[in-house]
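Quick look at what TrEMBL lists:
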| type | residues | note |
| --- | --- | --- |
| DOMAIN | 41-290 | domain 'G-protein coupled receptors family 1 profile' |
| DOMAIN | 348-596 | domain 'G-protein coupled receptors family 1 profile' |
| TRANSMEM | 26-48 | transmembrane segment |
| TRANSMEM | 60-81 | transmembrane segment |
| TRANSMEM | 197-221 | transmembrane segment |
| TRANSMEM | 242-261 | transmembrane segment |
| TRANSMEM | 273-292 | transmembrane segment |
| TRANSMEM | 333-358 | transmembrane segment |
| TRANSMEM | 364-386 | transmembrane segment |
| TRANSMEM | 398-422 | transmembrane segment |
| TRANSMEM | 442-469 | transmembrane segment |
| TRANSMEM | 507-533 | transmembrane segment |
| TRANSMEM | 545-567 | transmembrane segment |
| TRANSMEM | 579-598 | transmembrane segment |
Amino acid sequence: MEWENLTSVSEFFLLGLSAQPEQQEVLFGLFLSMYLITVAGNLLIILAITADAQLHTPMYFFLVNLSLADTCFVSTTVPKMLANIWIQNQVISYAGCLSQLYFFMLFGMLEAFLLAVMAYDRYVAICHPLHYIMVMSPGLCVCLVSASWILPALSSLLHTLLLDSLSFCADHEIPHFFCDINPLLSLSCTDPFINELVIFTIGGLTGLVCVLCLIISYTYIFSTILKIPSAQGKRKAFSTCSSHLSVVSLFFGTSFCVYFSPPSTRSAQKGAVASVMYTVVTPMLNPFIYSLRNRDIKSSLRKKVGEMGGGNQSGASAFLLLGISESPEGQRVLFWMFLSMYLVTVVGNVLIILAISFDSHLHTPMYFFLANLSFTDLFFVTNTVPKMLVNLQSQNKAISYVGCLTQLYFLVSLVALDNLILATMAYDRFVAICRPLHYATAMSPSLCILFLTLCWVFSALYGLIHTLLMSKVIFCGSRKIHYIFCEMYVLLRLACSNTQINHTVLIATGSFIFFTPFGFMIMSYVWIVRAILQIPSASSKYKAFSTCASHLAVVILFYGTLCMVYLKPLHTYSMKDSVATVMYAVVTPMMNPFIYSLRNKDMHGALGRLFLGKAFQRFT
């Protein structure tokens, strides 16, 4: 069932940067190289900071989120452009265009907010160094990052919904290499006054707040640096914020040139070329800017690339992740086993995302949610497994307090997000099977984006609540965690302060965020099974059931392993639960791509077209 829209257009044509055939190969090689450098550089930054307890400070915590935002930001636009050049097909569906626009604005604004937050962090570090630890507490850092994610998500949703209300009934050619808001507004055959007004008010307000925060922070920073008597002290203080200042100048300079120039001076070709600076070049340069002159990052990267040795940092601010096995032989086996499972998970979920993104036949609600589920699984397994692999390889089982809380936040948020997306997919299958004639209107692009945004917002808030409560808990006894990652129940068992509030909130919010979607899924499948049983022919019953069999298998696997671990009293937790946790933390994300692709003809076709292009079409 195709994801139809109600705006008189079903697809757009992305004209790209050049229409000349001889330049296409050059552009493909250039942007592929830049994309691979960007992803590799930012992932190295994330892994270096995550694996090194010495870098578990607010500045590097924000840098990890900036690197993650850069990776997602560049992955929103460049892969689609590369696919268009490779298969010589410039088409992007209406739903795909809106989705790309939403995530492009989300990660673009996220980067702006994070840069402003990092400026505040540098201001506190330089102007109020004695109060730095107290001001930039783990709770405040998590709160600032959560706000940086939530506000752009809501703002992007507003712009996307407003754009969805416009009609496109004339020219469908976008003189750009991705779906940007200004070129789309110029193609509208209805008055985009409200859209432009919201862009200049909300977009201007967002930009103004971020820029003011940057200007005020750096005004105080420069004022403080100039008061330092020694030249060496000035140089050392300035070096801590020079990298951030370079990235700010590059990002905001190119962004303002594109979006805040007078309409009379705008050119589609100039705008597309200028967009390359902040959509591709800036994310690529950020890892180099932050690492070339940063001794801490260089030391960490050198340590991880070379010998992964080092002492055990298990002081007052660290925990020890003991893992599943303490025997050297068992750890070697576990290292290769989890490394293999992690690589299979990453490759499988990335292939699912690429196949759905590049194939317009799969631009339907079901595959839109599946792509987001794969992204969540990819993020989920990356939150825990790399750190576990580093611990196994280096024999250094320490994780800092901040690193543990950060891992806990993303673990809780992503489990909740997985759960909410599965519930949304159940509703999608209910509408498709029980209300097929109303599917296009009931699962409109704007409603799907709204569902997904709510899933992200609720998950982020859920994780934030529990992380903030955990930051109030005091740990004064054993800091040995008999687990492969920082898990909430295990941390609560180590607490020596009263955790009654944590347990109460955990039961209350957990019941809402998990049992409500689970009950909703049960109701959906009751109606689905009833509708399927009323179908007269056996072949039609089989076809209808096959559209939701994969989802049902993932739901059973996800909830089955969660119930095995969490639906038991806290005092009964044992080493067996650490082994059972592997099921939902590693095995489930690894199995999902296989479950959704092995018996899915659409995915088979999409993967074939992704790898073989036109040769696959001739073969079929």
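Just so it is clear, glycine is given a Cβ too, placed from its N, Cα and C backbone atoms.
Predicted automatically and left uncurated, TrEMBL annotations should be read as such.
Counting residues 6+ beyond its ends, the transmembrane segment (26-48) has Cβ neighbours under 8 Å at 16-18, 55, 63-64, 67-68, 70-71, 74-75, 78-79, 81-82, 85-86, 280-281, 283-284, 286-288, 290-291, 297, 300-301, 304, 386, 390 in the same chain. The transmembrane segment (442-469) makes contact with the transmembrane segment (364-386), as judged by at least three Cβ pairs under 8 Å among residues 6 or more apart in sequence. Long-range neighbours of the transmembrane segment (364-386) within the same chain, counting only residues 6 or more positions beyond its ends whose Cβ lies under 8 Å from a Cβ of the stretch, are 1-3, 47, 50-51, 95, 99, 338, 341-342, 345-346, 349-350, 352-353, 356-357, 407, 410-411, 414-415, 417-418, 421-422, 424-425, 428-429, 432, 443, 448, 452, 455, 484-485, 547, 554, 585-586, 588-590, 592-593, 596, 602. Listed as Cβ neighbours of the transmembrane segment (273-292) (distance under 8 Å, sequence separation of 6 or more from its ends, same chain) are residues 17, 31, 34-35, 37-38, 41-42, 44-45, 63, 66-67, 70-71, 73-74, 77-78, 104, 108, 176-178, 180, 243, 246-247, 250-251, 254-255, 257-258, 298, 301. With a cut-off of 8 Å between Cβ atoms, the residues of this chain six or more beyond the transmembrane segment (197-221) that come close are 109, 112-113, 115-116, 119-120, 122-123, 126-127, 151, 155, 158-159, 162, 181, 241, 245, 248, 252, 255-256, 259-260.
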